[in-house]
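Quick look at what TrEMBL lists:
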type: BINDING; residues: Cys26, Cys31, Cys34, Cys56; note: [2Fe-2S] cluster 1 binding site
type: BINDING; residues: Cys96, Cys99, Cys131, Cys133; note: [2Fe-2S] cluster 2 binding site
type: DOMAIN; residues: 213-398; note: domain 'FAD-binding PCMH-type'
type: BINDING; residues: Leu241, Val242, Val243, Gly244, Asn245, Thr246, Ser247, Ile248, Asp344, Arg406; note: FAD binding site
type: BINDING; residues: Gln715, Phe746, Arg860, Ala1027; note: Mo-molybdopterin binding site
type: BINDING; residues: Phe862, Thr958; note: substrate binding site
type: ACT_SITE; residues: Glu1209; note: active site, proton acceptor
Amino acid sequence: SLIQENHWFSLIMWCQVRLTGTKYGCGIGGCGACTVMISTYNADSKKIRHYPANSCLLPLCSLYGAAVTTVEGVGTTTTKLHPIQQRLAKCHGSQCGFCTPGMVMSMYSLLRNHPEPSMEQIAAALDGNLCRCTGYRPIMDSFSAFSLECCPLAGSGKCCMDKEGGKETKGSDSGLCKPEEFHPRDPTQDYIFPPELIVSDQFSIYICCKCSCNKLRTTWISPVSLEELLDLKATYPDAPLVVGNTSIGLDMKLLGIWHPVLLHPVRIPELHVVTMRENGIVIGAATHLAQLRDILLSLVPELPAEKTKIYRTLLKQLRTLAGEQIRSLASLGGHIVSRGSVWDLNPVLAAGNAVLNLASIDGTRQIPLNDEFLTKVPEADLSPMEVIVSVFIPFSQDDEFISAFRQAERRKNAWSVTNSAMKVLFQPGTDVIEDLAIFYGGISGTTVSAKNSCLKLIGRYDRVNFFFRFYLEVLHCLKMMYPFQYPDLPKEYMSALSEFQEKPPQGMQIYQDVNPHQPPQDPVGRPIMHESGIKHTTGEAVYVDDIAPADGQLYMAVVTSTRAHAKILSIDVSKALEEPGVVAVVSAHDIPGENGDEHEKVLAEDEVIFIGDIICGIVAETYECAKNARSKVKIEYQDLEVILTIEEAIEHNSFLTKEKKIEKGNVEEAFQTVDEILEGEIHVGGQEHFYLETNSVFVIPRKEDGEMDIYVSTQDATVVQELVASALNVPANRITCHTRRVGGAFGGKSTKPKFFATAAAVAAHKTGCPVRFILERDDDMLITGGRHPLWGKYKVGFMNDGTIKAVDLEFYINGGCTLDESENVLNYVLLKCPNAYDIQNFRCRGRACKTKLPSNTSFRGFGFPQAGLSAETWIVAVAEQLGLPHDQVREMNMYKTVTQTPYKEEIDPRNLVVCWEECLEKSNYYRRRQAAEEFNKQNYWKKKGIAIIPMKYAAGFTKKPSNQAFALVHIYLDGSVLVSHGGSEMGQGLYTKMLQVASHELKIPLSYIHNYERTTATIPNAFKTAASIGTEVNGKAVQNACQILWKRLEPIMEENPDGKWEDWIKEAYEESISLTATGYFEGYPTYMDWEKGEGHPLAYYIFATACSEVEIDCLTGDHKNIRTDIVIDAGFSINPAIDIGQIEGGFIQGLGLYTMEEIKFSPEGQQYTLGPDTYKIPAVCDVPEHFRIYLLPNSRNPVAIYSSKSMAEAGVFLGSSVFFAIRDAVAAARKERGLNCNFTLDSPLNIERIRMACADQFTEMVKTFP
């Protein structure tokens, strides 16, 4: 026996103190950032099992006898890199890098079990890993090199599939992975399983886990025999059994459920049994779901096909159930007994007549896994003293058919919205139903049975349409078994039988190579690896929460409003202060200076204005103590009027801004001359940033002069410094902000971090101690806003040939409770809403609505993704009204020659036309459209759609001061160079490009140059890193500083032309020449006069065209992304690898915006979508099977540094090509059904909207409510 304290905290907490490579992303096992590899030894089989696991779910006490490998154990820069790490970095598979250690560990766990994995296994290994930056394609490219199924030259430009028509494109380079540079895998590099852990399980483990915060004790008991387990269950009948902690652990964490005793039965042999019987197999209840999958995969080929129908159906569900980490932890028994409504295996097991083998001290018995068990009918359930020992899963019969169905917001690693399993047994040789079972999940608190319907159908013929797809499957199977007894299915119905086949994504990247005369050491224009890429893969890249604890450090958790709009009547913190470990409670009264700015407060005082408004902070010795004490704060409210939607805001005249307008030509007069006029509207939903690193602050007060160091994950260190100084009532020069890197931002860490930093700074000021404030995922999503929802109305006048003569647009955006960035977002909505279309008579107006939701803020694309979707909607409406091809109407109305925009700025759109024509050609658009149309004729329930979308995008800010930048460059006596600038590295490769600029200007190798962190101590007053222009403006500043230094060094170099760089530097020092220079860029001369509706608000334009093809399932609303081609005018790319990565990542983020990501609120303003379990961003399974990026060659941009263009935001809107491809497929279905094809689809175009738009006899059965 072993009795210890403080072992209940999770493995991730231990890792954060000692091994910071393991990242804390969500805390509920949904993102994969915290993945580690667990290795265990089985004394009976004498085998070692390696598997990936979410360390945030693993209690330390569950790891007795296990070896844990974190990313530091795979490879480091000081020892040796593992090929996984090397390939991922060199293939540009990391951007912000926060998710990267988890990716490495998932792949490493796979390779330890399967040294030569299949592509299917690689894709499955990443099911549980999310990335918000890369778009996944480079990750899959780098890992595919480990599979024998993948061409070793794929992605290198040397594979025949990477070449245009089998030939290299002249002057271009293809592919960003260079397999010839990869080191082979060396198995001797892997750690062996520790010999001291190869012992038999002879002793039971008793661990007393005490939480120092709430004085509660939990006893963790791990018995080694079934007899002992049954004795324990008799002694502690209410004690739950914990195997993987994927259910009980979440209940304890999220719901505050406490269990005094937990039983951990993983070392009991009977619970891991796998036995073949003459009528089925017996599987131990503690068998992990990944093990169950492997068992079935090996079993199915060995048995007659007619016996394995239920096993194959289970395998089908296991492929999409959760991620590999959860599958490796969760157990079969736990899955069954927890009886979740959307658990995918229970309906199959119930339909397949599975039997549960139970045991207690009173003996053993069997109960069927049926509807009564699933609904917890007492007579059919376990008694408190019983445990599930094993599960019997019978063989299927000759005349028995079983199928399962599920639909989820994401195809993999997402809870089902609904699921079902159905089984029918016919009387031998007939079509008379002998037995029928239908189970549904997702419509009640647990899985339910359609028992009454089944009873009515037994004894009848199978031609009753009890469920359409299952009916067709059974009929088809009967036809195969008895070909002369059953008719053929109608050809058009066959498409209802097939399901989407998963194919790992394959990419192609075409970019212009550098001039062959360019010196080899000059990195500009080359696909240089991210400067932190290797550190990302080894876990050595340091983020805010990785900084070592400071002496006396405290932790903060915040108390937030539970009301959307209310007066605060009282706040009672007395009980919270009595909690063990609590040091202080910080409220608005503790702020010595200003509480926020003119628009928003740091801590609420008299009124709360949204659910999530921060009222006070609990400061304690540990984060758990601070978090637990939050519930002790008692707040009394008086509710006030709540406005949540755009429609409500308009009704109550609740706005954040005045109406703004841009107008060109005479709209009203033009409407009098057109052939037709159409009016309509579109709603575009919001979007969560879902950066992998949540908002993070670490404040360290100094001992003198009121100085303070703020380590903060932010895009704008300057405003953090300003607000903290204002709140503490000290000069700004006493506050130093530090940002080494940011784990993703996308606009979401532009305005909010200053409030979090100020709250933590006030806590540090009050306590005199360092304060660490790291937001949990649910708090981050609750408190911060995201992309603005938009309601757009349009009126379009056009001629019969498709020429659009007049457009009148009206926009409303939901700004939330404070101004934040809403006015700027509205500006960009109005400036960019025509997209690529030259409309001579054009008017747009807009306002930002004030509601009682979290303040929406800047987000990648800054209003254009919403406005651009609106533009394409009215283009499609015109095309459908006239019966013309969409691409024809788009091309007809596109900018083509030098002209003026609606705000009177000159535009040269020739590269827009080139991108359009190139994309038509490279995507084989017309041939593929014809093929899609032919496919649609042959398939009634599956439809393909294809769409090609042009884009005119502009980067930068509309005011010149916002475009300025600063730099500081030092040259040291050994010749090394230190570069500082005002930009924040967020994964966009800014630091890498700054190294390239300095290397080019100083004509020295990259190895000589180092980037210093973003800090207000070296670069004051820098504007935020946003709007995609970080490289351009900071690059100009760095270039300026380097050119100053070069000019100073020129006389020295002329005197000694054969000298080395180090010699010149030493000589310059001897001649008293300064080796430090500041650089400055005053900014693009942009401006906008909103009174006149004209100006030069945008520095230059980025043109692109995207073509996407999809296939939809009309019965379920699911869709598959088949192919995307993007041709984009990137100017002269400073770093093609980084720019292509930004395009791909932006595209996938846009795909999420337009097809799956949906923020949901209650009628009271409570956000429902507060984590990866309820809010789904794209995963590997959502990447187009063929993803091709072409950077337009021979393009130049005279405005920006080295003739480059910004790419970080441009890709988001191109994701709308998937939206309109889906719409095209839906239109094909509607046309075949004789329905109107001029319809509007709102965004996100998720499974429900797709399904209901494919109207048919089944959707007519759905009741609709006002």
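Along the chain as shown, the residues are counted starting at 1.
Every residue gets a Cβ built from N, Cα and C, even glycine.
Note: TrEMBL annotation is automatic and uncurated.
Positions of the features from TrEMBL, shown on the structure.
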{"residue": "Cys31", "record": "[2Fe-2S] cluster 1 binding site", "Cβ contacts under 8 Å, 6 or more apart": "Gly25, Cys99, Gly102, Asn129, Leu130, Leu692, Pro1172"}
{"residue": "Cys96", "record": "[2Fe-2S] cluster 2 binding site", "Cβ contacts under 8 Å, 6 or more apart": "Arg132, Cys133, Tyr691, Leu692, Glu693, Arg741, Val742, Gly743, Gly744, Ala745, Met986, Gly987"}
{"residue": "Leu241", "record": "FAD binding site", "Cβ contacts under 8 Å, 6 or more apart": "Leu263, His264, Pro265, Gly333, Gly334, Val387"}
{"residue": "Asn245", "record": "FAD binding site", "Cβ contacts under 8 Å, 6 or more apart": "Leu57, Leu58, Pro59, Ser62, Leu329"}
{"residue": "Ser247", "record": "FAD binding site", "Cβ contacts under 8 Å, 6 or more apart": "Ala330, Gly334, Ser338, Gly340"}
{"residue": "Asp344", "record": "FAD binding site", "Cβ contacts under 8 Å, 6 or more apart": "Gln317, Thr320, Leu321, Ala404, Arg406, Ser416, Asn419, Gly441"}
{"residue": "Gln715", "record": "Mo-molybdopterin binding site", "Cβ contacts under 8 Å, 6 or more apart": "Val742, Ala745, Gly747, Lys749, Ser750, Pro753, Ser984, Met986, Lys1024, Thr1025, Ala1026"}
{"residue": "Ala1027", "record": "Mo-molybdopterin binding site", "Cβ contacts under 8 Å, 6 or more apart": "Phe862, Ala955, Gly956, Phe957, Ser962, Glu1209"}
* Asked: Nearest to Arg860 (Mo-molybdopterin binding site) by Cα, among Cys26, Cys34, Cys56, Cys131, Val243 (binding-site residues)?
  -> Cys131
* Looking only at the domain 'FAD-binding PCMH-type' (213-398), what is the mean pLDDT? -> 93
* Val243 (FAD binding site) and Cys131 ([2Fe-2S] cluster 2 binding site), Cα-Cα, nearest whole angstrom -> 28
* To do: Specify the nearest of the binding-site residues Cys26, Cys34, Val243, Phe746 to Thr958 (substrate binding site), where nearness means the distance between Cα atoms.
  => Phe746
* Nearest to Val243 (FAD binding site) in three-dimensional space, by Cα, is which of the binding-site residues Cys26, Cys34, Cys56, Phe746? -> Cys56
* Per the record, FAD is bound by Leu241, Val242, Val243, Gly244, Asn245, Thr246, Ser247, Ile248, Asp344, Arg406: how many Å separate the farthest pair of Cα atoms? -> 28
* At the level of the C-alpha atoms, what whole-angstrom distance separates Phe746 (Mo-molybdopterin binding site) and Cys26 ([2Fe-2S] cluster 1 binding site)? -> 18
* Have a look around Thr958 (substrate binding site) and count the other CB atoms within 10 A of its CB, chains all included. => 22
* The one of Cys56, Val243 whose CB sees the fewest other CB atoms within 10 Å, among these binding-site residues -> Val243
* List the other residues in this chain whose Cβ sits within 8 Å of the Cβ centroid of the [2Fe-2S] cluster 2 site residues Cys96, Cys99, Cys131, Cys133, in sequence order. => Ser94, Gln95, Gly97, Phe98, Thr100, Arg132, Thr134, Leu692, Gly743, Gly744, Gly987, Gly1145
* By a simple count of other Cβ atoms within 10 Å, which of Phe746, Phe862, the binding-site residues in the record, is least packed? -> Phe862
* Structure fact -> Neighbouring CB atoms within 10 angstroms of the CB of Arg860 (Mo-molybdopterin binding site), all protein chains considered, total 28
* Asked: Around the Mo-molybdopterin site recorded as Gln715, Phe746, Arg860, Ala1027, what other same-chain residues have a C-beta within 8 angstroms of the site's C-beta center?
  -> Ala745, Gly747, Gly748, Ser750, Ser858, Phe859, Phe862, Met986, Thr1025, Ala1026, Ser1028, Ala1208, Glu1209
* To do: Mind checking which of Cys26, Cys34, Cys99, Cys131, Cys133 has the fewest other CB atoms within 10 A of its CB? They're the binding-site residues.
  => Cys26
* Structure fact -> Within 10 A of the CB of Glu1209 (active site, proton acceptor), the number of other CB atoms across every chain shown is 28
